[in-house]
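Just below is one structure, and these are the notes that go with it.
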Amino acid sequence: MFKLILGKPLRMECNVTDENPQITWVRLNLVSGEEEDVDDKKEKYDVVSNKQASSLTIRKVTLDDVKYDYTCKLSKVSDLGQTIGVSETFITYMAPTARLPKDVSLEEGTLLTLNCSVTGKPKPTIQWKVGNTTLESDGERISINYNILQIQNATKEDRAEYTCIASIMNGAEEASATANVRVKDKLSPLWPFIGICLEVVVLCLIILIYEKRRNKSELEESDTDQSPEQKNTPDVGKDVRHRNK
């Protein structure tokens, strides 16, 4: 098997055993099942042939290349006029990749959905884990559809690190990605508003207490500023009026 590495070239070679055979390279589309002649795609492939071997080089591997395997076909007309052909197939594979958002936040009671973006050839198998515990569909809250994990009515107990593990060839090649899930209280959007209200109430109380203390201090200062003579002076006007009567 030949390993596809994104962005790198890949060279495949078949040996030539007969003299002057007709050499044809084709690629098999694993999706449609059709064979395609690579000679029509010179911008992507380089084909070099000589008396001993023929090679096909993918100039730069892309994700699209996971759809194809390749075959080198050698044919020759025998002395009896019959066409004799042999072929060699080159099977490719690509190490898996897995991607998840690093942080996921949602409100309590809502649907948790994690979509693990996966690439690889052959098609990777996927396993979901929370810590060391493997998750499986339970037909109620938890459902797993290949690379998509869903948990109904998320609770605070669902806060955890969720890991998606993609593997091929019975685990010979694997990759993983982890998302940190945070489940917020339903009232969490109100906390900023409540905090502002509390700040306003506390500020008003401080102002009220300050004003009370200041008024009390002013009254005490006013009483202190009055002289003893002012406090003990009788109401002369009232006495005079009383005598006149």
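Placed from the backbone N, Cα and C atoms, the Cβ positions cover glycine too.
Going by TrEMBL, these are the annotated features:
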DOMAIN    1-92  domain 'Ig-like'
DOMAIN    96-180  domain 'Ig-like'
TRANSMEM  190-210  transmembrane segment
REGION    216-245  region 'Disordered'
For the domain 'Ig-like' (1-92), what are the DSSP-based totals of helix, strand and coil residues? 8 helix, 50 strand, 34 coil
Taking only the residues in the domain 'Ig-like' (1-92), give me the average pLDDT of this model. 88
